[in-house]
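Before any comments, here is the structure.
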């Protein structure tokens, strides 16, 4: 066999492997084995949302934080033990990540009707999609068939992008996950819903750098408002502010409108204006909200396929918080 033929054969094998992975994740995966799966998850998300509208943002963020650490394998749900500190207890997730009880409720109902069938990782993916829809975003099909991982390490959450990254660092972080720069800008729009603890951005208000205490890119009136909500020297770790003050419970374009007005809450939000390409995308997303919602739905579906376990890999956890014995 010639070198060229060998190379072509290897390429063919790689392509086949990728196609098999995509085929193992499929829309309607539970149609025959647990036909009510997506309906049950949607019901639990809706019930939780009616009690606390903030849970939707928590579930979207949970999916993101799950997929960016070991892939979309439900490892973010695993509880810490006496001998292991799990992802959910890392500073990146605790105390800010929420929505775990929604996943628990959905899993309990699913186990009662389809024992050992629906993975926790798929429940998280379904719940994130339903949260986007219930807050005004566009729906999208979620290919399913993920398996649950058996490892969860707090130390591995360093792959999550902190709110201090600049546009180049963000681009690199997302590319390492197989996502483009445009998809990074698109997915950053998830910050249109939810809240942030003051600790995540207080450096922009009081200790920006050695020459200035306040981030000069931050709108002055917005900075003053944030200082009232997050007083200097406060030790109250529970203080929170809305990510998007205009419509914190709605998936809409105002996240991008805020950035254009220098009212992005995080450094990682406002930095999108510092690069000509991403700045144009911010402007387009602000001006054409339906286009952004369409791109957001597509990017969420793509993100949900990062590093998935399929086939016989991993397991189907009986309890999302604990690996099977």
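Cβ atoms here come from the backbone N, Cα and C positions, even for glycine.
Bear in mind that TrEMBL entries carry predicted annotations, made automatically and left uncurated.
Among the features that TrEMBL reports, active site, proton acceptor is placed at 65. In this view, residue 65 (active site, proton acceptor) is surrounded by 22 other Cβ atoms within 10 Å of its Cβ, with every protein chain counted.
Taken from TrEMBL, the feature Ca(2+) 1 binding site covers 66, 69, 71, 73, 75, 87.
Shown in sequence order, 68, 169, 170, 173, 174, 268 are the residues of the chain, 6+ apart in sequence, with a C-beta less than 8 angstroms from the C-beta of residue 161 (substrate binding site). Per TrEMBL, substrate binding site is recorded for 161.
For residue 191 (heme b binding site), the same-chain residues lying six or more positions away in sequence with a CB closer than 8 A to its CB are 243, 244, 255, 265, 266, 269. Sequence annotations record features per position, and here TrEMBL assigns heme b binding site to 191.
The Ca(2+) 2 binding site annotation in TrEMBL covers 192, 252. Residue 252 (Ca(2+) 2 binding site): 20 other CB atoms within 10 A of its CB, across all protein chains.
The disulfide bond annotation in TrEMBL covers 34-114 (among others). Same-chain residues at least 6 positions away in sequence with a Cβ under 8 Å from that of residue 34 (disulfide bond) are, in sequence order, 110, 113, 114, 117, 118.
Positions annotated as disulfide bond by TrEMBL: 67-72 (among others). Using a 10 Å radius centred on the Cβ of residue 72 (disulfide bond) and all shown protein chains, the other Cβ atoms total 28.
Residues annotated as disulfide bond in TrEMBL: 120-320 (among others).
Annotation source TrEMBL lists disulfide bond at 198-230 (among others). Under 8 Å, Cβ to Cβ, and six or more positions away along its own chain, residue 230 (disulfide bond) finds 198, 201, 202, 205, 239, 241.
Per TrEMBL, the feature domain 'Plant heme peroxidase family profile' maps to 24-324.
Look at TrEMBL and you will find 1-16 tagged as signal peptide.
Every protein chain considered, the tally of other Cβ atoms within 10 Å of the Cβ of residue 61 (site 'Transition state stabilizer') stands at 22. Summarising the annotation, TrEMBL assigns site 'Transition state stabilizer' to 61.
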Given the Ca(2+) 1 site 66, 69, 71, 73, 75, 87, its other Cβ neighbours within 8 Å of the Cβ centroid, in chain order, are 65, 67, 68, 70, 72, 74, 76, 149, 152, 307
How many Å lie between the Cα of residue 73 (Ca(2+) 1 binding site) and the Cα of residue 252 (Ca(2+) 2 binding site)? 28
To the nearest whole angstrom, state the Cα distance for the pair residue 320 (disulfide bond) and residue 71 (Ca(2+) 1 binding site). 16
Tally every other Cβ atom lying within 10 Å of the Cβ atom of residue 69 (Ca(2+) 1 binding site). 26
Out of these disulfide-bonded residues, 67, 120, 198, 320, which one has the fewest other C-beta atoms within 10 Å of its own C-beta? 198
Sort out the sequence-distant neighbours of residue 71 (Ca(2+) 1 binding site) for me: same chain, 6+ apart, CB within less than 8 Å of its CB, listed by position. 149, 306, 307, 308, 309
